[in-house]
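Chemist: My structure is below; once you've seen it, I'll send some questions.
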Amino acid sequence: MDSNGVDEQMKLVEGAGGYVLEDVPHLSDYILDLPTYPNPLQSNAAYSVVRQYFVDEDDTVPQKIVVHKDSPRGTHFRRAGPRQKVCFKSADVRACIVTCGGLCPGLNTVIREIVCGLHFMYGVKEVTGVNCGFRGFYSRNTVTLTPKSVSDIHKRGGTMLGTSRGGHDTLKIVDNIEDREINQVYIIGGDGTQKGASAIYKEIRRRGLKVAVAGIPKTIDNDIPVIDKSFGFDTAVEEAQRAINAAHVEATSVENGIGLVKLMGRYSGFIAMYATLASRDVDCCLIPESPFYLEGKGGLYEFIAKRLTENGHMVIVVAEGAGQDLLAESIDQQDASGNKLLKDVGLWMSLKIKEHFAKESKMDITLKYIDPTYMIRAIPANASDNVYSTLLAQSAVHGAMAGYTGFTAGLVNGRQTYIPFNRITERQNKVVITDRMWARMLSSTNQPSFMNPPKGTTSVTE
Ligand code: ATP
Ligand code: MG
């Protein structure tokens, strides 16, 4: 039992060649003795081909490929997909969907595909949308979702349900779920949202309610661990190219032109790193995980002067969380969800660089600063994110119908899986600067690694 009076989610069972972590509890194991029914997909002519594709209860996916012959099999997650048996009769399902946290391309696609998946695959008619995030459970009206009402929402950015930060009140939310007799809750959001989903799941378990809680991880920054990548990330990298292109055009159009682009990434620099690798126009990429410094030998100012002398222009990409420790005065403020508010590193850098080169007329530079954050967050998902969002939504639907609960749907090692909430909320996914990808990025830009700051120089740390 944990401090919430809930059995631990994981139990070890013996498995061939080592052990398997039973990561996802089954509703009937833990909450209720639910009767099971044949999966309606079995009798649906349109899906007859799916029959061979029912996923076995014991089918798991390893988190990491373990190469050493003596090592245990490592962490496995249940493979996602339709099961032979489901725990809910279609007519009994009362599902609801909520979106929380910041905007991300693909949110509407996930909503659409949960509604359509429930409706077309499982014949579920009652799906409700909760408006404006967690607080919508107790302070807002709900909206009825049908395949018709969501048919073309994937072509629009944002979330048709609205979203918010803060306002997570577990007891009030679960009271509302109970009052409305909801038995499937789909929660789409980032790390904070998944923590909120976990709290809801635990309270539901404590009350012994027959409710499946399924999460779909949303983070444009790709900062959620375990999963291969998050939906919206590809779209963000693609859209960032437009900002980088604009910065490049500005920089090449004047003498000693510098284009500075700030991209999303509070604690993880994946968008900046991939956008840099994709673009080839970027001369320097700065991310929260990699310390850097401005002054002295090997510093940013020296590199800028070198590139401008060589090429006459340059483009710098900086992730929003980079360089926070270098910024002079700190703002000790949080948003409604308790996330630390960051200072605008892009604005700060543009002032510092201008100031530095103006000093003693070192070099006549022209710097243009572009912050495309809200332009990127608000666009609809691209093709690959639309496909990915669809698979995540369908996995979540299959899992909830089969009676799984307390899980997040996610891609692990290229396979759709069910991951317990605690696994994806316990840490953040970060760029490992000793890994190949960062090395590839460094060789692509040929920028300094900023590894050896001169004595007395402040270098930025995470
Ligand atoms: P992103 O940061 O990618 O925009 P997020 O889901 O992390 O998405 P937050 O604003 O941090 O966004 O959180 C979303 C919701 O989750 C908010 O309503 C917040 O109250 C709730 N939440 C955050 N952290 C927790 C927590 N530890 N326990 C319960 N609820 C939480
Ligand atoms: Mg977050």
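Heads up, the Cβ atoms here are built off N, Cα and C, so glycines get one too.
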Chemist: Determine which of GLY102, GLY106, GLY117, GLY257 appears in TrEMBL for the same ATP site as ARG165, GLY166, GLY190, ASP191, GLY192, THR193.
Modeler: GLY102
Chemist: Based on TrEMBL, name the residue from GLU113, GLU126, GLU320 that is recorded for the same substrate site as THR219, ILE220, ASP221, MET264, GLY265, ARG266, TYR374, MET375, ILE376, ARG377.
Modeler: GLU320
Chemist: Quick check for the class: what is the C-alpha distance, in angstrom and rounded, between MET375 (substrate binding site) and GLY102 (ATP binding site)?
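Modeler: On Cα coordinates alone, these residues lie 13 Å apart.
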Chemist: State the Cα to Cα distance, in Å, between ASP221 (substrate binding site) and GLY102 (ATP binding site), rounded to an integer.
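Modeler: Spelling it out, the Cα of ASP221 (substrate binding site) and the Cα of GLY102 (ATP binding site) are 11 Å apart.
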Chemist: Quick check: which same-chain residues outside GLY102, ARG165, GLY166, GLY190, ASP191, GLY192, THR193 lie with their CB within 8 A of the centre of the ATP site CB atoms?
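Modeler: Other same-chain residues near the ATP site: CYS100, GLY101, GLY189, GLY196, SER337, ASN339.
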Chemist: Just checking: which of the binding-site residues ARG165, GLY166, ASP191, THR193, GLU320 have a C-beta under 6 Å from ligand 1?
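Modeler: ARG165, GLY166, ASP191, THR193, by Cβ distance under 6 Å.
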Chemist: Cα-Cα separation of THR219 (substrate binding site) and GLY166 (ATP binding site), in Å?
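Modeler: One finds 17 Å between the Cα atoms of these residues.
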Chemist: Identify, in sequence order, the residues in the chain of ARG377 (substrate binding site) that are 6 or more apart from it along the sequence and have a CB within less than 8 Å of its CB; answer 'none' if there are none.
Modeler: GLY102, LEU103, CYS104, PRO105, GLY157, ILE220, ALA236, MET264
